[in-house]
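> Provided herewith is a single structure, encoded as structure tokens, for subsequent inquiry.
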């Protein structure tokens with residue numbers, strides 16, 4: 001086989017490898033067209049144009065399949081991801097959150113490098129992202145198989161925050177941290193968003209007690225930023241799905257927030273952790289705008305999921321409110337900037353809170369997925385393949 005012809009066949013093999021299984025007829029059609037073209041140069045050009053037009057979309061679809069798997073979905077759900085309708089990340093809220101976390105984390109690494117942060121800080125953020133992705137995959141599967149007893153877990157998480165207030169590391173009158181192997185961990189950033197979204201999605205008496213315990217613990221620490229995030233999440237959940245348990249939890253959160261604000265003392269800003277947005281704009285306006293865009297990226301799972309999934313709007317609303325208020329607190333005061341600034345607690349907490357969202361938006365009852373998915377028709381395919 002001549003070199004150009006061999007290369008054209010190799011390109012067709014790459015195209016087949018890039019496409020999801022339900023879309024591989026396109027690769028077989030491309031291979032047949034290559035075989036039918038007598039001129040080797042024309043056959044190679046056709047194969048390359050087809051790879052550019054369809055292969056990149058296939059790679060994007062493959063990455064979405066991987067994100068869906070990380071989000072805790074099973075193989076059946078992974079197989080649903082294909083070109084022609086089900087290759088949209090907005091249909092898979094957890095997967096969208098995975099992309100958001102990775103994108104915002106990458107922006108955070110760029111900021112830390114530009115700001116002159118020690119290399120150890122960048123390594124810790126990367127390690128936290130990997131740990132968070134693994135935790136999301138594990139917790140998401142446990143929730144999907146209903147092996148986790150969420151009520152007892154919620155109570156234990158609330159008590160954990162009390163333990164931090166009693167035995168944690170103190171600074172300037174605040175006791176919000178634990179020391180683990182030389183690293184300072186803020187458990188409220190890890191635990192509270194997950195608790196709030198879980199409660200918004202499924203409200204029980206035990207869950208309400210857990211939220212009141214969390215509010216009291218944050219008042220004792222005291223932590224006005226996370227106490228405010230708790231109130232924001234509970235308020236959004238109550239507005240989208242009013243009920244008695246949600247109201248009780250919100251009243252407990254508001255009482256805790258009032259105490260936290262009253263008891264809190266101003267703490268000095270920590271470089272690379274606090275005032276990240278201001279620091280980024282001081283370094284370069286473009287970097288500041290990029291960091292600002294990354295903060296918005298973190299909110300997309302809640303915003304887009306809530307638009308498409310009416311049955312879980314309270315959970316999406318709580319997710320967006322918790323992280324939106326946390327980001328707002330970081331913008332106006334000396335509080336950690338989640339995911340973007342230095343610190344693994346918020347990175348892990350963000351990914352764990354994704355596990356409390358539905359893995360996918362509901363498909364209409366009785367709908368035929370295969371019939372509903374249109375065949376992909378990229379506009380930049382070679383005319384031969386488009387015609388076929």
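Note that Cβ sites are derived from N, Cα and C of the backbone, with glycine treated the same way.
Annotation comment: TrEMBL describes 91-115, 121-143, 155-174, 180-200, 286-307, 314-333, 339-357 as transmembrane segment.
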> May I ask whether the transmembrane segment (121-143) has at least three C-beta pairs under 8 Å with the transmembrane segment (155-174), counting pairs 6 or more apart in sequence?
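These two segments do not touch.
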> Is it the case that the transmembrane segment (286-307) and the transmembrane segment (91-115) have 3 or more CB pairs under 8 Å, with pairs at least 6 apart in sequence?
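Answer yes, regions in contact.
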> What same-chain residues lie close to the transmembrane segment (180-200): Cβ under 8 Å, and 6 or more beyond its ends?
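Contacts of the transmembrane segment (180-200) (Cβ under 8 Å, skipping residues fewer than 6 from its ends): 124, 150, 154, 157-158, 160-161, 164, 168-169, 207-208, 210-211, 214, 218, 221, 223, 226, 229-230, 233-234, 236-237, 241, 246, 249, 314-315, 317-319, 322-323, 326, 336, 338, 343-346, 348-350, 352-353, 355-357.
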> Considering only Cβ pairs under 8 Å, which range in 121-143, 314-333, 339-357 makes the most contacts with the transmembrane segment (91-115)?
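Going through each listed stretch, the top one turns out to be 339-357.
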